[in-house]
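A.B. asks: Here's a structure for you.
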Amino acid sequence: MSDLPGIVVNGASGRMGQMLVKLVSESPAARLVGVLERSGHDWVGRDIGEAMGGAALGVPVTDDPLEAMSKAQAVIDFTAPAATVPLAAIAAQARAVHVIGTTGLSGDDIARLDAAARHAIIVRAGNMSLGVNLLVQLTRKVAAALDEVFDIEIVEAHHKHKVDAPSGTALMLGEAAAEGRGVKLDRVADRGRDGITGARVDGHIGFAAIRGGDIVGEHDVIFAGPGERVVLRHVATDRAIFARGALKAALWGIGRKPGSYDMMDVLGL
Ligand SMILES: NC(=O)C1=CN([C@@H]2O[C@H](COP(=O)(O)OP(=O)(O)OC[C@H]3O[C@@H](n4cnc5c(N)ncnc54)[C@H](O)[C@@H]3O)[C@@H](O)[C@H]2O)C=CC1
Ligand SMILES: O=C(O)C1=N[C@H](C(=O)O)C[C@H](O)C1
């Protein structure tokens, strides 16, 4: 019997889910012990490897989180808020790490996750790549160094299938910029401009979202000042960077005390 940590992937048929199934099943440091999909999905009951069009992996797709979590030390979850929030309570019951990549969570959703984190180990980040988490730290520093003469605008671009905006990454960057300036993001965010908006308010942080094609994820943090602009940019070209960060987070979380953690904790940034 392998003593490698058992990992469950939630959202098995998704873009990230399939990336994670491949990464975990090929990892020397972990074992794929379960894959979850929504009830009624036509992959439920099939072998995940065969459902993905490859060789059988000996792991059936299930819609029963309790069954899937029975052998798991961690579950990696890139799905939707309606799936992620209920799963946190089940992960807590199973004493498993819940790695949450899902974005588009409301304030209420996050409050419910924070409540679950009293008993669960939750590692949640809107972006699990090393590059973006470094960019978050740089954004905080630059925002602290450049005063309100520099207007901060965050522009993000994603594929045509993305259902939430601004991206979780953009919100991470906006939070860091606001922290750098010592203000609350929800007091200064301009999240969608349309019509006669009036002149831009000094100190605000603007967001713009581009959707189209197969763009994996691009983020610019623009500091637009008089006579010069500073632009911090991250361009993702392969979803594997997120999957690697998520698996690292899962292995990091095993054995930690219950609580709510993020990728800065995992990466030691
Ligand atoms: N934190 C990070 O580093 C990253 C986060 N993401 C986020 O991960 C999420 C998923 O992204 P993709 O894989 O591109 O989406 P996708 O649409 O390809 O996959 C979503 C998966 O969740 C499942 N799902 C959706 N609603 C469900 C429900 N109510 N109950 C159970 N299962 C449900 C779908 O069946 C599918 O398997 C999004 O929120 C996205 O923003 C994506 C990439 C990186
Ligand atoms: O939906 C995606 O694809 C991505 N979503 C995350 C986000 O909302 O920031 C992370 C990454 O940009 C890809």
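Quick reminder: no glycine exception, Cβ is built from N, Cα and C everywhere.
So TrEMBL lists the following for this protein:
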type: DOMAIN; residues: 7-128; note: domain 'Dihydrodipicolinate reductase N-terminal'
type: BINDING; residues: Gly11, Ala12, Ser13, Gly14, Arg15, Met16, Glu37, Gly101, Thr102, Thr103, Ala125, Gly126, Asn127, Met128; note: NAD(+) binding site
type: BINDING; residues: Arg38; note: NADP(+) binding site
type: DOMAIN; residues: 131-267; note: domain 'Dihydrodipicolinate reductase C-terminal'
type: ACT_SITE; residues: His158; note: active site, proton donor/acceptor
type: ACT_SITE; residues: Lys162; note: active site, proton donor
A.B. asks: Give me the Cα-Cα distance between Ser13 (NAD(+) binding site) and Lys162 (active site, proton donor), rounded to a whole Å.
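C.D. replies: Per the Cα atoms, Ser13 (NAD(+) binding site) and Lys162 (active site, proton donor) stand 15 Å apart.
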A.B. asks: Taking Gly11 (NAD(+) binding site) as the reference, which of Arg38, His158, Lys162 (the recorded positions) have a CA within 10 A of its CA?
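C.D. replies: Passing the 10 Å Cα cut: Arg38.
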A.B. asks: Given that the record lists Gly11, Ala12, Ser13, Gly14, Arg15, Met16, Glu37, Gly101, Thr102, Thr103, Ala125, Gly126, Asn127, Met128 as binding NAD(+), what is the largest C-alpha to C-alpha distance among them, in Å?
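C.D. replies: Across Gly11, Ala12, Ser13, Gly14, Arg15, Met16, Glu37, Gly101, Thr102, Thr103, Ala125, Gly126, Asn127, Met128, the two farthest Cα atoms sit 22 Å apart.
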A.B. asks: Near Ala125 (NAD(+) binding site), which residues of its chain come within a Cβ-Cβ distance under 8 Å, counting only those 6 or more away in sequence?
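C.D. replies: Correct list: Ile100, Gly101, Asn133, Gly168, Met172, Gly245, Ala249, Asp262, Met263.
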A.B. asks: Rank aside, I only need the closest one: which of the recorded positions Arg38, His158, Lys162 has its C-alpha nearest to that of Arg15 (NAD(+) binding site)?
C.D. replies: Lys162
A.B. asks: Taking ligand 2 as the reference and 6 angstroms as the Cβ limit (strictly under), which binding-site residues among Ser13, Glu37, Arg38, Thr102, Ala125 are close?
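C.D. replies: By the Cβ criterion, which requires under 6 Å to ligand 2, there are no hits.
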